[in-house]
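Lifted from TrEMBL, the feature list:
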- GLU355: active site, proton donor (ACT_SITE)
- HIS386: active site (ACT_SITE)
- LYS506: active site (ACT_SITE)
Amino acid sequence: MPIPPLRERPAYAALAEHHTQLQHRHLRDLFAEDAQRGERLSAEAAGLYLDYSKNRVTDQTLRLLFDLAEQSQLQQGRDMMFAGDRINVSENRSVLHVALRMPRDASLTVDGVDVVAQVHEVLDRMADFANKIRTGAWLGHTGRPIRNIVNIGIGGSDLGPVMAYEALRHYTDRDLTFRFVSNVDATDFVEATRDLDAEQTLFIVSSKTFGTLETLTNATSARDWLIARLGDPAAVAKHFVAVSTNAERVAQFGIDTANMFGFWDWVGGRYSVDSAIGLSTMVALGPEQFGELLAGFHAMDEHFRTAPLDRNLPALMGLLTVWNVDFLGAQSIGVMPYEQYLKRFPAYLQQLTMESNGKHVTLDGTTVDYQTGPVYWGEPGTNGQHSFYQLLHQGTRLIPVDLIGFGRSLNPLRDHHDILTSNVFAQAQALAFGKTEQEILAEGTSPDVAPHRVMQGNRPSNVLLAETLTPRILGALVALYEHSVFTQGTIWGIDSFDQWGVELGKVLAVAIIPELGGTEPALNHDSSTNTLIRRYRALKGGGDHDGH
Ligand SMILES: O=P(O)(O)OC[C@H]1O[C@](O)(CO)[C@@H](O)[C@@H]1O
C-alpha cells in the first residue's frame, strides 16, 4: 500500500493537534505528575541504556509517534533493508551495511549471491593481513617490518577509521603508529608523514570509488614520498594496499589487486567503517577485537529488527528526533560524549546523519513541506560546558542534546570519573528543569540581576549510559545512530542513502583547477568567482589581481 505524504498521514495531524495542547506543559510538570517517569521512559539494548524521559513527551505523544511509524511503514521499510531490497532508489542499490556484521553462519542471498559468505571471505583476508603486520611478518621493501600505518581516504573512508581508532585506542597495539590523511591541503599529508621512516611505513589507500580527487592526490604524493626515500618504484608493492570497490582503478594506480580488500556498492561510504574500510582499525585492534566491534553492531541490528517500537532504542531516538525537529522546531542536535576517547564521534556522526538526511525531496522526487535532517554537532564532555553550553541553557533556540556517559573509565585516576559523570546528570537536569525567578530571588539575588540568571529549562535531552567503552559498545553505539537515521529518513520519506548534493561542488572545482594557473584563460563564471580567481592568482604570485 502506498504511503501518503507525511502531512496526510493521520498520526501527523494528530501530533500537530497534540502539540498545541502540550506546548505549554513544562518538563517540571511532567516529572511532578509521574514519580516513575525517569524509570518508565527508558529502554535498554546491546549494553546501552537510554533515558529519554527528559524529552517533552507524554505517553500520548509516544503513542502517536508509534502510530506515525506504523503509517510510515517503518517496520516494512526496515525489513526491506535487511532483505537487500533496493531501497536506495536514486542509485538503484541495496543498503546492506547490516550484512557486514552478520555472523559467519548466517546467510543472505541477494541477486543470487550469498553476501554474508562474501563478507567473511574479505574479513578473513583482512585478518590474515592484520596479523602479518602486527607480528612483523609483513616486511617492507628493505626487509624491515612495518610499524607505521597511514590511512589515506576522505569522508566515510576517513571518518570511520579515524573515529574508531581514537575511540578504541585503549585496545590498540601501542608499538604501531597510526596516522590518517584526508584533506587535500598538503599540510595534512606533510605533517602526518614528517617523522615517519619510509622503510617501516605502509599506506592504506581507502576509497570506495577510487576516483575521489582528494584521496588520489594524497595517494600520489604518498607514492612520490616513498619512492623518493626508498629510491625504487618497486617499493610500492610492499608499502601500499588498497580498500575499494573498483579493482580496475586500483590497478591503474599501480597497486597490485592481490593487495586490495574489496567491498560492494551496497555499502554506503558513511556506513562502511565495519567493511574493509575498517582495515586500519583491524590492524590496530587485532582481528579478535574487530570481531567484538562487529558483534556490537550486530547486537543492535538484531534489537532494531526485532524489538517492539516502545522498547526499540533506534526507533525511539529516531521518532523523538522527528518530534523535536518537526513539531518543536529544533534545527540542530548536539551530541556530547563524556568520554575523551569519543572525541571524533560527533564529527563521524555529522557525515552519517547529515549526508543521509540532508534531503529536500521525497523518494518520488516531490519537494517536502516539512523539515528533514537537523544539523548534528558536538564536542566531548565538560569542554563544551565551558564554551557553548551557555547558549543551550539560556539562548533563544531549542537544541536537544544526547549526552553519552559510562560507568567506568578506561583510565581510572583519583575521582576524575565521578566528577566527569556528575556533569552528565547535572547538565541533563539543568536543561530540563532550569531555575525559576522565584528560586533565584529566594537565594537573595537582587531583582535587577535575577532575570539574567533565570534558566527556563524545558530543553530536551537523551542520556545514553554504558558500562565502559569497549569495541562491542562502540559497535552498538554506531549502529544505534545508523538505525535512528534510518527511522528518521523513513518517516520523512526521503532517500537516506544517496548524496547527490556533494557532486556539484566537485564538478565546479574540477573546472576551476586549470584556471588557477598564472596566466589567464578566459574566465566565464559569475563576477564574484572571476574576481576571486584573479585575486588568488595575484596572491600566489601570478600578478593579475586587477583583472588582467
Ligand atoms: O570512498 P570514496 O569513494 O573516496 O568517497 C569518499 C566520500 O565521498 C563522498 O562521496 C562525498 O563526497 C562520501 O559519501 C564518501 O564517503
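Cβ atoms are placed via backbone N, Cα and C, with glycine included.
The residue listed as 'active site, proton donor' falls within a helix when secondary structure is assigned with DSSP. Reported as a whole number, the C-alpha separation between GLU355 (active site, proton donor) and LYS506 (active site) equals 15 Å.
Sequence-distant neighbours of LYS506 (active site): residues of the same chain at least 6 apart with a C-beta under 8 Å from its C-beta are LEU213. Residues within less than 8 Å, Cβ to Cβ, of HIS386 (active site) and separated from it by at least 6 positions along the same chain comprise none.
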